[in-house]
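The structure appears below as structure tokens.
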Amino acid sequence: MLEHFCECYSNLSGLILCPVLGSITPLFIPNSRIRPIRLIGLCASLITFLYSPVPRIQFDSSTAKSQFVESLRWLPYENINFYLGIDGISLFFVILTTFLIPICISVGWSGMRSYGKEYITAFLIREFLMIAVFRMLDLLLFYVFPESVPIPMFIIIGVWGSRQRKIKAAYQFFLYTLLGSLFMLLAILLILFQTGTTDLQISLTTEFSERRQIFLWIASFASFAVKVPMVPVHIWLPEAHVEAPTAGSVILAGIPLKFGTHGFLRFSIPMFPEATLCSTPFIYTLSAIAIIYTSLTTSRQIDLKKIIAYSSVAHMNLVTIGMFSPNIQGIGGSILPMLSHGLVPSALFLCVGVLYDRHKTRLVRYYGGLVSTMPNLSTIFFSFTLANMSSPGTSSFIGEFPILVGAFQRNSLVATLAALGMILGAAYSLWLYNRVVSGNLKPDFLHKFSDSNGREVSIFIPFLVGLVRMGVHPKVFPDCMHTSVSNLVQHGKFH
């Protein structure tokens, strides 16, 4: 039995089992004992995070094949298995997921008095589902896990949201993702009928006719575009962010927005290369419009959370430009901004959460002069503002610069529009910081509150370390990803 246990952990089953066990245990504890419930949730998430870098130590970056593969029969049908693995692309997204969950639990530490164990259970189940999303190698799981993630998020927004419109935002978020996923289910069924299996590796080697490729690509695009999100199916994101609690916004910005781009990388691009090349002008046009539109829309917002939400849409559409530049620079460069995007908007939402806890408003017009009353938070806010505007030395710059290089090789006009979007991003980021931090304090609206406390600063430090680490010495990421990205480009005959 001990050998089986060790084998399970060597195959990364622990990354899935730990949050599952952590989510079940609090259900047997009375709601009145909130402290042990908090500690169980935090310990389960921390153990998962501390274990998540282990695959990086054992990972063989010289091969593009999936590693730490696990297969288990879970349905009474042949060729449909619980099939999980990990490669150079998904490795760091698993680590990012396990990094954010302990922070989300810590952020909700003081607000966990009502429905405490439900709060812990929702976040840990969400962690299990998100880890599984990045490890799945089965097409049916490719549908089941991403479409299960919105369920705990629906509960998080609907129960712990901050305003009366939270129910509407929760339903809007859930319905958008549900309707988009139906097209993905149709595509998976058609692939199953042709290949006779849901094994992703086998499906990737299957030759589809050009007409079938185009149809399947459109079906998958309809699902992934909602998750990115791309214009015009982005409306759900600002509403969900505004109504979600701080921890909900952190995890929503950090992980689920990557499901769409991860789906393009894992499914649409390698499986339908001809359709991908045919659709590249469409994706370029749609992404460029989204970048300019959302950047201009951001400058007109009055809610701090909506500003960050629209900024996220612009950054993620820049990622899609790189992803559909059929070269190593574009595809490889698009992965780093996805990781960076898991840190920067999440940290900015934390900053807004600190302000909201003290002043009970997120409207920009009520803020100003915070540098005199909250110098620590102002400095932290400035650091993440620099990252949001892709300043050199930050993680955002390291990823977005290769995207522009790859896009220029494909379409100089689209690359120019993307660069213009980055300039607009710098403009609204500095405008926001200036409005909130500089100027005179408005005593009629804001009272003098204490600066960030030790718990809040300790939550920000890992984000700062991650941003600087990725920005100054990002070599570890391309080393692990290069073989997987090269294989993807060669498999699609993009070179």
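Even glycines carry a Cβ here, placed using N, Cα and C.
Taken verbatim from Swiss-Prot:
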- 9-29: transmembrane segment (TRANSMEM)
- 39-59: transmembrane segment (TRANSMEM)
- 89-109: transmembrane segment (TRANSMEM)
- 139-159: transmembrane segment (TRANSMEM)
- 173-193: transmembrane segment (TRANSMEM)
- 214-234: transmembrane segment (TRANSMEM)
- 272-292: transmembrane segment (TRANSMEM)
- 313-333: transmembrane segment (TRANSMEM)
- 335-355: transmembrane segment (TRANSMEM)
- 367-387: transmembrane segment (TRANSMEM)
- 413-433: transmembrane segment (TRANSMEM)
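The stretch in closest packing with the transmembrane segment (272-292), judged by the count of Cβ pairs under 8 Å and taken from 139-159, 173-193, 335-355, 413-433, is 413-433. A Cβ distance under 8 Å defines the sequence-distant neighbours of the transmembrane segment (139-159), meaning residues of its chain 6+ beyond its ends; these are 80, 82-84, 115, 118-119, 122-123, 125-126, 129-130, 132-133, 166-167, 169-171, 173-174, 177-178, 181, 184-185, 188, 191-192, 198-200, 203, 227, 240, 243-245, 247-248, 251-252, 256, 259, 263, 266-267. By number of Cβ pairs under 8 Å, the transmembrane segment (89-109) is matched best by 335-355 from the list 313-333, 335-355, 367-387, 413-433.
Same-chain neighbours of the transmembrane segment (335-355): 89, 92-93, 96, 100, 103, 107, 241, 246, 249-251, 253-255, 257-258, 261-262, 265, 304-305, 308, 311-312, 315-316, 318-319, 322, 362, 367, 370, 377, 380-381, 384-385, 387-388, 394-396, 398-400, 402-403, 436, 452, 456, 459-460, 463, 466-467, 470, 474, 477, 481, 485, counting only residues six or more beyond its ends whose CB sits under 8 Å from a CB of the stretch. Highlighted: of the candidate stretches 9-29, 173-193, 367-387, 413-433, 413-433 has the greatest count of Cβ pairs under 8 Å to the transmembrane segment (313-333). Sequence-distant contacts of the transmembrane segment (367-387) (same chain, at least 6 residues past either end, Cβ-Cβ under 8 Å): 340, 343-344, 347-348, 351, 354-355, 359, 394-396, 429-430, 432-433, 435-442, 446, 448-449, 451-452, 456-457, 460, 463-464, 467, 471.
Comparison of 9-29, 173-193, 413-433 by number of C-beta pairs under 8 angstroms to the transmembrane segment (39-59) places 9-29 first.
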